[in-house]
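Here's the structure we're looking at; comments come further down.
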Amino acid sequence: MTTTMTAPASSPARVEQPPRRRRRRTRLPHLLLIPAVGTLLIGLGYPVTWQILNSFKEYGLAQQFGQPAEYVGFANYIALFTDGMFWTIALRSVAFMAATAAVTMVIGIAFALLMKVIPTWSRIVLQVAMLLAWAMPIVAQMTVANWLIDDRNGVLNHVLSLIPGVDLIGHDWLIDPLSFFGVALVIITWASVPFVAFSVYAGLTQVSEEVLEAGQLDGASAFQMLRLIIMPIIRPVLVILILLQLIWDLRVFAQIQLLQDFGAAGERYDLLGTYIYGLGIGQGQFGAAAAAAMVVMILTLAVSWGYVRRLLKEDEES
Amino acid sequence: MKRTFLRSAGAALALVLAAVWAFPVYWMVNSSFLTPATISKLEPTWVPFGGTLSNYRAVLADNAFTSALGMSLVVTAICLVLCLVYALLASFAIGRFRFRGRKTFVLAIIVVQMLPAEAMFIAQYKMLAGANLLNSVIGVSVIYLAMVVPFTTWMLRGFVAGIPVDLEEAAMIDGCTRMGAFRRVTFPLLAPGLVASGVFAFLQVWNEFALASIILTESQKATLPLWLRDFAQSSNLGVTEWGEVMAGSVLVAIPVIVFFMIVQGRMAQGLVGGAVKG
């Protein structure tokens, strides 16, 4: 369970009731919002404002020790964009996000289709197993993963070594960067497939039997049914799921940080989250870190904009 | 004939996949019952026959664990209570009224949920450092509240909208004030919504790692996720006591799994509910 969930739109009782326009103007709604707005202003508004301002300031170690931070225009951003390391890490993050989201979607959809054709008892077994994986807290996930891939006593190396000609006892999966991110991808996929599978399955149950029968009568093959009938019907669900997976796979600071804590650390193993952390908390370059954080923020908003619009529309309809 | 074969083959595949997906969780539980001597054998022990509870005893006797448990309970309790109150008020406002600034507020609570910790933790760290609130319950709670209130408000809004406004109006005709009608009529009907969104908020706060690792740097102030990380590492120097570490993981994960099961039905439907509806 990694993520900030975005709330259910469906209400328990499906009574659509447009809020009625009050005749008398009242201050009540504004008063009711005060605590929530106050919380957001303190916990997010103030820090984000600070961040925007400081991304335009010289704010390094000297400023930590009392020197005034001066405005330097876009210097932090220019320094960032001309730094090869930043580009490497930014592209790596985007590639990691795309790869993880793609693998998760493919496996999740396959699971959902499988759940649709198998007998109920076996579907329930699979669902329970997936719920267990889904429910695991990130720290527990990463800790267990680290035990599974432990170089000497880990069960993964033992099982792989049973294959004739393979000897992986003592192999450390976290040293080679590619292997490091492969491990991260597998763990994150393992944890996110259940959500995709359950959601797609819920979408599949909306596809009516009549439509499928009609397709069968017209002589559609199984693959044609999938591509021409089922996929278009569940397309809205798939679009939302891809967006959510992309957003979530961009914010994998906790997983990468924990994997670095257990294994090797350094820029070769960084994604944007850990890079910003190192820049700010590690090196005290708060101006540069603020600029990098702004880039992540804008990237996230760009990816999530479709989902935001969909939720806004939902709000207007209710 | 072909169909039955496909179904049984599918069922067999599903069982294999279920085993793969459940395996890490099983392995965590299995290892937590094994003695250090058993666990350090090269040959894995697949079933914890003749297992021991000593790993659990060791974890429960660890002062750092008890302290982290206390910290997690306090932070979660504060955040949960305040979050539900704030979000309930706000959801009533946006679920029942049209007013100036409503759209801005709704947009804000949606956008805020998209922002990753990565994009803000430096700024939040600096703010708390400036206010001398690093390593404090108040500091971390302020940040967590801002993290969970938007989502909880959005979720409760759906429940508020699902309760017919006529019920409140009837109560008002019978002489209730607007708040009175809300308190006596709508609030009791909202109870299931409060439970569900409360569990979601609980899971988020209880599991949170990224911000905690930055704000709560002192080990006495660690929450459970931080404790587990430190616990797994402290033994990293020489030989990791994987049995104890796995017992710790089980203790951290159990409450989460239990609460998760309560809300799992809403989890899948909720996030894409609007999309299914089309």
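Even glycines carry a Cβ here, placed using N, Cα and C.
According to TrEMBL:
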- A:1-13: compositional bias 'Low complexity' (COMPBIAS)
- A:90-307: domain 'ABC transmembrane type-1' (DOMAIN)
- A:1-22: region 'Disordered' (REGION)
- A:31-53: transmembrane segment (TRANSMEM)
- A:89-114: transmembrane segment (TRANSMEM)
- A:126-149: transmembrane segment (TRANSMEM)
- A:180-204: transmembrane segment (TRANSMEM)
- A:225-248: transmembrane segment (TRANSMEM)
- A:286-308: transmembrane segment (TRANSMEM)
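Within the chain carrying the transmembrane segment (A:180-204), a Cβ under 8 angstroms from the stretch's Cβ atoms is held by residues 1-2, 92, 96, 99-100, 103-105, 107-109, 111-113, 115-116, 127, 130-131, 133-134, 136, 138, 141-142, 145, 149, 173-174, 230, 233-234, 237-238, 241, 245, 248-249, 252, 255-256, 259, 263-264, 269, all 6 or more beyond its ends.
Of the Cβ pairs linking the transmembrane segment (A:225-248) with the transmembrane segment (A:89-114) and spaced 6 or more residues apart, 3 or more are under 8 Å, so the two regions touch. When Cβ-Cβ distances under 8 Å to the transmembrane segment (A:31-53) are tallied for each of A:89-114, A:126-149, A:286-308, the top count falls to A:286-308. Sequence-distant contacts of the transmembrane segment (A:89-114) (same chain, six or more residues past either end, CB-CB distance under 8 Å): 126, 130, 181, 184-185, 188-189, 192-201, 203-204, 226, 238, 241-242, 245-246, 249-250, 252, 267, 270-272, 275, 295, 299.
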